[in-house]
Amino acid sequence: MEENSAVEHHYYYPLPSSAVKADPNNNDDYKEETCAEEGSSHNKPSTLQGRSDLNKYALGGAILASTNSILLGYDIGVMSGAVLFIRQDLKITSVQVEILVGCLNVCSLIGSLASGRTSDWIGRRYTIMVAAATFLIGAILMGLAPSFLFLMVGRVVAGIGVGYSLMISPVYVAELSPALTRGFLTSLPEVFISVGILLGYVSNYAFSGLPNDINWRLMLGVSALPAVAVALGVLAMPESPRWLVVKGRFEEAKQILIRTSENKGEAELRLTEIQEAASASITNKDKEGSSSNSSNNSGMWHGQGVWKELLVTPTRPVLRILVAAIGVNFFMQASGNDAVIYYSPEVFKEAGIGNDKHLMGVTIIMGTVKTFFVLISAMFLDRFGRRPMLLLGSCGMAISLFVLGFGCTFLKFSGGMKDEWVIVLCVVAVCATVSFFSIGLGPTTWVYSSEIFPLRLRAQGSSLAISVNRLVSGIVSMTFLSLSEAITFGGMFFVLGGVMVCATLFFYCFLPETKGKNLEEIEALFDDQAH
């Protein structure tokens, strides 16, 4: 008991200032790194201008964590084609198709909400394993499903795993990454989502020639393989240093920070900043009347009290952070991107492509284009910043959706004439829509929602924002076909284009730039807006 008390007492004090003022081995280099880490005006150019600036240890951890996102991407891509064969094999209606497709997104809401508290309790690393294991069970159930009801059960389980994955991967990467490469590294989950979508399209194409009672089962069941790989990959990953600090495990956190920093002096400075931020957060909580429970403030803290701070008694900066995080997640899915990808064969059919094999081939092209542009965006996020990429992406999506709406409307009322130029225009517009999504909302949403919350609120705040993401995605996916039948595909795309105009205005007014800032500095950006 005395040993535990000593650890808890030590939690409230940062390292001595003499330990972080200078690096005796290379003081000049250290000063340069300190300026860069603090986001000063003397920053070095974007780290992506030189490959040597990417810390290999942080990059390895980010890649291992981000591979978890392949699971969602694969499901989005593979369901777009598998649902065509499921409908034929199980004789289900359009409404059942919408429920089947959208239920994964709605059920992922459960995983998103639970993931925040889970990751505060058992750590970021093991929460990634929980996500992969849950999705693995769901994939096996879907692949073996003898009926529509059984298939739905598999979708529900897989959805919970997806919800865990969507929250924890960006949060883990953001907490592991150095400030100047955080944008690139935290956008890797979206890169792997795009890779998963492409793999899903390839799976559709590869298995589409098999009998209808086999092909869709293989398409869905194969997703168990990456889930196993992710679960095993967790064993090679370090824990989040910020989570370790909250738990009072300072030496472990310091060793990880040393490996993700340029030198020992920078690591000690980062550790001190993290300790001060965590200690200040807990001190503020104590002032609200919880000082009697101070034993919960270090190793025994598991995320209790966060929901109250977020939803009942938020400070003005926290409220602004919550609005920004929920807003960017809302518009990510209100853009209709997931629905367009889920129902891309239906969209391309409406655009005039009738052959099933051709449909699968066009979706592969779309997936390739999407993956290419998300890689481009990831490489430029730390150079140009979050806001410019968001604004470019949302403006581009608005224009592309309006063009797509025009093309679909023209084909709808052309009296059966299928002008080739209009078909090409529609295909290009769909590819442009997903490309601009990959430039802006796709990667930036995960980066932004994982980096703007203070340390104490980060896991559960991100889980709340991503729960909104999942809820909106489920609603859009489960109503897309019905609404398109009611107002035509052209009308639906005009509505989505209008949504993206609103999104552009929201991003311009409510989202400050976070490029180059430490996670511990970002809350002040929202505080400054209040003045």
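Every residue number used here counts from 1 along the chain in the order it is shown.
Every residue, even glycine, has its Cβ placed from backbone N, Cα and C.
As written in TrEMBL, here are the features:
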DOMAIN    61-515  domain 'Major facilitator superfamily (MFS) profile'
REGION    17-48  region 'Disordered'
REGION    280-300  region 'Disordered'
TRANSMEM  57-86  transmembrane segment
TRANSMEM  92-114  transmembrane segment
TRANSMEM  126-144  transmembrane segment
TRANSMEM  150-172  transmembrane segment
TRANSMEM  184-202  transmembrane segment
TRANSMEM  214-237  transmembrane segment
TRANSMEM  318-336  transmembrane segment
TRANSMEM  359-381  transmembrane segment
TRANSMEM  390-415  transmembrane segment
TRANSMEM  421-442  transmembrane segment
TRANSMEM  463-483  transmembrane segment
TRANSMEM  489-511  transmembrane segment
Same-chain residue ranges lying at least 6 outside the transmembrane segment (57-86) that approach it to Cβ under 8 Å: 92, 97, 100-101, 104, 128, 131-132, 135, 151, 158, 161-162, 165-166, 168-169, 172-173, 176-178, 181, 185-186, 188-201, 203-205, 208, 212, 215-216, 219-220, 222-223, 226-227, 229-230, 233-234, 236-238, 259-260, 338, 341-345, 356, 359-360, 363, 367
Range from 92-114, 214-237, 359-381 with the greatest count of C-beta pairs under 8 A to the transmembrane segment (184-202): 359-381
Criterion met for the transmembrane segment (421-442) and the transmembrane segment (214-237) (at least three Cβ pairs under 8 Å): no
Feature contact check the transmembrane segment (126-144) with the transmembrane segment (214-237), CB under 8 Å, 3 or more pairs: yes
Beyond the flanks of the transmembrane segment (92-114) by at least 6 residues, Cβ under 8 Å: 75, 79, 83, 86, 131, 134, 148, 151-152, 155-156, 158-167, 338, 342-343, 463-464, 466-467, 469-471, 473-482, 485
Mean of the pLDDT scores, which run from 0 to 100, over the domain 'Major facilitator superfamily (MFS) profile' (61-515): 84
Chain residues in Cβ proximity to the transmembrane segment (390-415) (below 8 Å; excluding those fewer than six residues from its ends, i.e. six or more beyond): 328, 331, 335-336, 350-352, 377, 422-423, 425-426, 429-430, 432-433, 435-442, 444, 488-494, 496-498, 500-501, 503-504, 507-508, 511
Residues of the parent chain within Cβ reach of the transmembrane segment (489-511), under 8 Å, 6 or more residues beyond its termini: 320, 323-324, 327-328, 331, 334-336, 347, 350, 386-387, 390-391, 394-395, 397-399, 401-402, 404-410, 412, 441, 448, 480, 483
